[in-house]
């Protein structure tokens, strides 16, 4: 039927029409090849913003370093990193004055965290720069490798399991004259295959010991590896992001804990909360400004954008902030927190894989690793690359570039938010001492500024003053990219405000559909996404019902599980028809087994298995929930799982969904091609690590799991736990005498083996 599109909007308030402007239908762009060029761009831009600073040389590593702090005063219109220490300190002092006790309380909270955090905190997170192998690894492996190397070099404080003790080892490692590490390498030899009689290349993985002198070790400890940020929409150019090594991570974690604690107490901070909580917090600030702007006052809002936030921030400023925030605290605490910014002032950016060269005439491809860029002849490069390399050559050491100014992306989000809020805080009338005043919202580098004044001239004066105050602490508001509107319409962190935050439902569109994990998880995630959007994003009942029907259709096409009585022919239809005919209660069949859909918008919160359980044939129940089914390799399934949901804009979010373990919750097997590469040794380490952790969890189920106190190894803990459990089971009659004796014997054998080792 033909619909006149204007009819759709007859009863819709204008702000709800935002969902029709959705630009992001296709896949987001991904990067290929090396990120070396993007990293060099970052390095040269960062130095350019601070070029009038003072040059010094790091005495330990020999790296040239540029310090723009307290240098020339910043200029209007030109982005720069010339922050002034006294201005930052004064902003901090005023922030404390308007929030009495805020720093003191946050320090106390953080001190508690510092003393309790275990080193396994560092296993969270994805790819991490592993300094022992000089490339990225999963966080858990990188940590295991670091600890292993520390212990073989006589650094053992980490054995207590506390993060703070691991950090003591990090500090000591930097004073050592040399560190011995184990690296993986590959040997290739040509051998004749017995079966096919062809020559094949056989790869063997070796481990070899290598000594790093103090300078090389320090360079690695201070290195941030760089990658290209993927899936960024709305940008023509890609950009580099950084991943720090294990030496830096722990220190950063504590600084961010302190900053998070401060942000939680600041009404202008958009971090660390999210979602509806964030919207409520922000709406409060707007309400305050609107109600306080009397009838005579004008109120305007700037949807703000800062030029190159990270590249103009400076770790030395963060050091000044921390020194001020912790000024009345114990010496050890101040030292722990000041190490992260000091390490960042001496950081090195790893340039990545290097450049790929192709010779069209000779059909040759070769890679120039980053290490060679310092002394290769530049005639092979095109104009723009040549300029880039020439510019950063003086900064190169061992394939890394010295990068003292600037913060790499995403490192100190919370602390930089505190800096931004401290400037917003200065907008109160008691500080501006004139008729205009301002307030606003800050979330990492994103901000919204609300200015009130008696007339347009006052608004202009207020904006100018805010702009210049920001300049003094290294924040550069972009005049080109920020725009001003009457208060009541603005955008902040992809939330659109028009007399209240507008639900932009279309942003969630990419997360509708079938995830492709397995039949069980996909059904659960699909209905949860619809449910969540009804709660949070104004997804109305009729639209939700339609979304649900489309989802079921999509799901049936994906898994080829059309209803048993359908005419559609697929690879599975023969089996599903047979099942349909054998089943007495057809309503009990899961959708993935050709059953009908029983979901509607009222019961989206119930997992499908539970929804249909009473309707199922008994033998079907038995097959469906059978942990011994040999065709299903089971993960042990928690009652709640996490799925990663991709909205169109902003970071991927984790979403909880209910997981009921059935024979549909299969896990695909790992691709085997990795087993023939140099990654293999690492993969084996990782599996070993995984097995140990799983075993440990079997002994200490989460309900009874108290973090181990005192120093005992995992093995000792498990043995003593096994003995206690066995005794309890024996005394209550759950375990026979012979079994009990056997358990005790095994425990003794394990201890004996440990002693011999």
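Backbone N, Cα and C atoms are what each Cβ position is placed from, and that goes for glycine too.
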Message: Please identify the range among 178-186, 187-195, 223-231, 232-240 that Swiss-Prot labels motif 'Nuclear localization signal'.
response: 187-195
- request: Would you mind splitting the region 'Promoter-binding site' (249-256) into helix, strand and coil residue counts from DSSP?
  value: 8 helix, 0 strand, 0 coil
Field: Secondary structure content of the motif 'Nuclear localization signal' (203-216), with strand meaning DSSP E or B
entry: 3 helix, 11 strand, 0 coil
